[in-house]
Amino acid sequence: MSLNRQLLFTYYFIVSLILFSDFVSSATLPKEEVDALQSVATALKKSNWNFSVDPCDETLSEGGWRNPNAAKGFEDAVTCNCSSVICHVTNIVLKAQDLQGSLPTDLSGLPFLQELDLTRNYLNGSIPPEWGASSLLNISLLGNRISGSIPKELGNLTTLSGLVLEYNQLSGKIPPELGNLPNLKRLLLSSNNLSGEIPSTFAKLTTLTDLRISDNQFTGAIPDFIQNWKGLEKLVIQASGLVGPIPSAIGLLGTLTDLRITDLSGPESPFPPLRNMTSMKYLILRNCNLTGDLPAYLGQNRKLKNLDLSFNKLSGPIPATYSGLSDVDFIYFTSNMLNGQVPSWMVDQGDTIDITYNNFSKDKTEECQQKSVNTFSSTSPLVANNSSNVSCLSKYTCPKTFYGLHINCGGNEITSNETKYDADTWDTPGYYDSKNGWVSSNTGNFLDDDRTNNGKSKWSNSSELKITNSSIDFRLYTQARLSAISLTYQALCLGKGNYTVNLHFAEIMFNEKNMYSNLGRRYFDIYVQGKREVKDFNIVDEAKGVGKAVVKKFPVMVTNGKLEIRLQWAGKGTQAIPVRGVYGPLISAVSVDPDFIPPKEPGTGTGGGSSVGTVVGSVIASTVFLVLLIGGILWWRGCLRPKSQMEKDFKNLDFQISSFSLRQIKVATDNFDPANKIGEGGFGPVHKGIMTDGTVIAVKQLSAKSKQGNREFLNEIAMISALQHPHLVKLYGCCVEGDQLLLVYEYLENNSLARALFGPQETQIPLNWPMRQKICVGIARGLAYLHEESRLKIVHRDIKATNVLLDKELNPKISDFGLAKLDEEENTHISTRVAGTYGYMAPEYAMRGHLTDKADVYSFGVVALEIVHGKSNTSSRSKADTFYLLDWVHVLREQNTLLEVVDPRLGTDYNKQEALMMIQIGMLCTSPAPGDRPSMSTVVSMLEGHSTVNVEKLLEASVNNEKDEESVRAMKRHYATIGEEEITNTTTTDGPFTSSSTSTANANDLYPVKLDSAYWNTRT
């Protein structure tokens, strides 16, 4: 009987398990959360989430919801918390996926979401203020393109534990409201454009364990209230903009294990009191103006792994207690005023110690040695007993006198243009002797280094090179030497005279594609002969792109045989893109050439036989005859005939596009057959052509009478060749032969937006509302790229409907960069030559030549209103009645009837909310005061519905802003005194790449001071 009971019990137990299993497996994700995930996917442009399966089913290995076998750094996971009947999404982690959307605005549909990690993607836009109403515990947006300010609403996230916003494009001040986060532990804000002082409310952040604010533009001093952060474990303040001294209150933070403060300006100060920091592992106080002796107590810290006190003014001997640091991984005392003997324990330590540029007495090392303590330039000149200030080189013997220096940094020996470049392949920091009259010293180790390939102090990568100039030897740029702190090359045996130092650079660690790996920013300083020649040098900016070569030249005089070149990292730039450990100086090659004719080396004279005079005379005569003969032949063939200035200018430029011959273009266009003419642009005629491979092209030809000249032509080539974006017209190449100046573009089937909207009836394209919305957003995205996202900061200057082209899918592409203006160094410019199209130009630009990207924003606003209305900003109903769209829109707003602007051809088939938003955005963009106009990234966010900015409120403020009224009146007087021919006006045609908007309008019409009913009623 007992056996039967036991069997019965077992049976019920198994059945219960089965029923329970079925019960648990029936747990589902609420529809509201599924819908919210779909919204998140749409915003992020996350396309591989499979909504046909359960996102919370952890047994699924496919479907895009999780990828347990992903490579290091890549994460793709949605995590749920499931009870017996229901599941809730708690974590969304999407790392290193190059997502190219924007941040999801509304997270209210995911009420249980605790973590949102979008590290290392290509997301743009701003941080939605709506996130402040969520229950998030951790937010990470590290390594994206997020711009705008940090919303104060995040201060409402009382549950927030981690906020990681490093390596973005955030600007403005830190909102004081963040000081109200009672549970905040990690706050990472490094490598943005944040400004202002650290908010005093941060004194309340007593739960902080990790704070990083490096590479920003903060002002003020490091606050004393840091003593309140009693649980702080990591503090990183490198090149933050804050000034010293380091407050003594920092000594109260006994839990610190990682302290990195570098590049502080301000007065000299003594070493901060750190005696109580017995748990310290990483102590970096570089370039902080510290004075006095090294504190002896540091030698008693047995947990220390990295000690960097470089570039200060510390003096005195190295304390005897520092012998206890023999197990420390790295010690850097570079560039101080330390003196006395170099301790024997340091000599025996090897290349993990760097004491270069100090005042030590001569040490036990008679000669410099690789893989030994780096004593390069570590002895006072008074002790070295020679003219050198390099102690371990005091016995260096020059093999001969050199009249040049050529180094293939990080690479093998090569011969380029008959010049031998020495190898530079050593892979460990420290000292290196080439045995060819030059040495080098590399200081620093890359902290938090995640690199897994190549060497730690050199890099090889030819896949990213974009060198098309045949005069540049690409082999010099396929590798590079790296340094974490400071890299020095020193020639020791140069002959006396004047030289030109050529430093060769190419950024080969970033990626040019629209991926997070191209978001890195590298900055370092360049010193020649001890003088800082360049501060905050950025290879990508100088070379106009990734993988492109640039050479910096510096004249020097050598008097004692020695030439020193030093590259130094000053704490700026990103440190974790594409991975952690990518920062600091990078150089491809060094070439130093004499500005004089060097003397011949011994043994190069003549031997017996003919006299020197006879030999020289024969050689000269033969050479002259040969030159004349060859020259005559080449002249007869036309090879030596003078080239046009344009050809000469073009030959000296390195554009990343193809070069077409005039013969190819003539074949493609049937010798510019008038039947193939499709328009008349600002440059001249535009012809359709078909290449031999079947590619359809549009050829823009610069006409002799064009108002746009050589400068604009070369400018357009330079701009477009460096830019790639879905909403910019693609430039295939160009042709420069004699006076023939041609641009070869992709052919866009649907011509211009102006032709589609308000061209001749037979050319118009019926554009429904979704098409118009798509076109408007596309234009905004293209401009946002030009202004904020491209390596170059570009102001187009001539945005209008005829400069927006439409492909076969009606995707908009911005064209005609002939008027584009680089904006590299300053945020504003006073243009000496106003160029644009009347009716689209912003008032401040039309009147004063005051050019910023806000001029493009104004022009975009006009185009946006034209898209809604379907008519040009200025069009005539009759000879006596000229219609001005901007005037009418403002009057309709005053009458609260803005939707009357909508194109009657749409009828009622349009989204009223979207239309109203587009009209308001257009009005906001055309605000008279530039400061009232939004950035284009903000415009994109508003158009896509990702921003909660109250457009109506902003518009109200801008309309009531009278600060620019006098300037507008002045502008009207200005236009009253000049002829209409002085404004850039060209006729409208039906071809692409055209300019338009010829108008008889005057300044009073286009830029009225008060846009209200009274003005409208008094117009004539």
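Cβ coordinates come from backbone N, Cα and C, glycine included.
Annotated ATP binding site per Swiss-Prot: Ile678, Gly679, Glu680, Gly681, Gly682, Phe683, Gly684, Pro685, Val686, Lys700, in sequence order, evidence recorded as sequence analysis. When secondary structure is read from DSSP and collapsed to three states, Ile678 (ATP binding site) falls in the strand class.
The domain 'Protein kinase' annotation in Swiss-Prot covers 672-949 and is backed by sequence analysis.
Marked as repeat 'LRR 1' by Swiss-Prot: 86-110. Mean model confidence of the repeat 'LRR 1' (86-110) amounts to 94 (pLDDT, 0 to 100 scale).
Sequence annotations record features per position, and here Swiss-Prot assigns repeat 'LRR 2' to 111-134.
Under the heading repeat 'LRR 10', Swiss-Prot lists 326-349.
In terms of DSSP secondary structure, the repeat 'LRR 2' (111-134) contains 5 helix, 4 strand, 15 coil.
Using DSSP to sort the residues of the repeat 'LRR 1' (86-110) gives these counts of helix, strand and coil: 0 helix, 11 strand, 14 coil.
In the structure as shown, the Cβ atom of Val686 (ATP binding site) sits within 10 Å of 22 other Cβ atoms. Here the repeat 'LRR 10' (326-349) is broken down by DSSP into helix, strand and coil counts: 4 helix, 7 strand, 13 coil. Using a 10 Å radius centred on the Cβ of Ile678 (ATP binding site) and all shown protein chains, the other Cβ atoms total 21.
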